């Protein structure tokens, strides 16, 4: 059950303003992130992926993968939020879904101001579903670069409602981030990529230091035989595959990303991403080859395609 210093008050909760956060990165961070989601992991001179890590005319010219934007939200949830009458244990947090809108190509370095707001909260009895929206603005120009909506499942945080009707709040369009229906026909294209045994250790260098992904003893206490791969790392692999196979290698073609995390991936497993094109939307699902399990599903909206696809 959720614990609180005062009785839960929905009016106080909805009026509560979350503090702004700052995020600064440079070309080195961009390259480390790309390596963390498998760029050049199969072929160090793959021209489709080398551009995310290196540019002969200077690192400031490397291209940025759109899922790099997911890093801008780091810390908001894992460190715990000060919400009136609602507390949770960050160690019991499970990442359920990530939704990202990209408004302009991400620069290779930037200082950002993140404006964070509550997008949703639902009391599920023994657990709660919490959604945060983060809008990232370039410091100086004030230009809005992107928006993240992070959905997490909080074990043990439910039961905070002070009426017989479970508390439920959602503040975004109902058509955003919906679960996708996977087409029954054969996919347009399929990408297979093996993760490295050290993949989680490499990905954590981008700032997600949750010991669930690195500490064997911590993973066992959480019920896993060994450390698991970050869900956002799996998402990065999938979107990178879509950029390569559908967007002809152009990361700026990605407009919207939605991904639901269905089960865990272990570092070293092989990811198979299947893709279907419906207008300007790519529906995808990612499976673990070794266990034949679907681990991720969602969609990507793109800005346009050449007629030769």
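Cβ coordinates come from backbone N, Cα and C, glycine included.
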**Prompt:** For the substrate site that Swiss-Prot assigns to 95, 96, 124, 208, 209, 210, 211, 212, 213, 231, which of the candidates 160, 261, 266 is also assigned?
**Reply:** 261
**Sequence-distant neighbours of residue 213 (substrate binding site) in its chain (C-beta under 8 A, six or more apart)** = 200, 201, 203, 204, 227, 228, 229, 230
**Asked** For the binding-site residues listed here (95, 124), which one has the lowest count of neighbouring CB atoms within 10 Å of its own CB?
**Response** 124
**Request:** Fewest other Cβ atoms within 10 Å: which of the binding-site residues 209, 261 wins that one? Let me know.
**Result:** 209
**Fill in**
Record-listed substrate binders 95, 96, 124, 208, 209, 210, 211, 212, 213, 231, 261 have a maximum CA to CA distance, in Å, of 28
**Item:** Tertiary neighbours of residue 211 (substrate binding site) (same chain, Cβ under 8 Å, six or more apart)
**Value:** 218, 219
